[in-house]
Amino acid sequence: MRFHTLLFLSFLLLVSCALICTAQHPGLKKSGMFHENVGKGQHIEKKRSCIERMQTCEVEAGLPCCSGAPCICPYIGDCICIQ
């Protein structure tokens, strides 16, 4: 009986940690918001198109980012253009 209680509490702790992490790091969620990206001295409005963390966006993959330039998505935050 104690084993089952300990197992259940461990599961609850794991789920709560995952929920807290997701709430504190909105960059891990899919984002469809527009924002400004500074590139070569001008402001370019773009849409975040990297879907998963550490995913590389390529024009061939149908995931344009930074006006069609390749980019990398960090764990937290916006896409980083490779120019």
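Yeah, the Cβs are placed from backbone N, Cα and C, and that goes for glycine too.
Marked as signal peptide by Swiss-Prot: 1-23.
What Swiss-Prot records for Cys50-Cys66 (among others) is disulfide bond, and it gives similarity to another entry as the kind of evidence.
Feature annotation from Swiss-Prot assigns disulfide bond to Cys57-Cys71 (among others). All protein chains considered, the CB of Cys71 (disulfide bond) has 24 other CB atoms within 10 Å. DSSP classifies Cys71 (disulfide bond) as strand under the three-state reduction.
Residues annotated as disulfide bond in Swiss-Prot, with similarity to another entry given as evidence: Cys65-Cys81 (among others).
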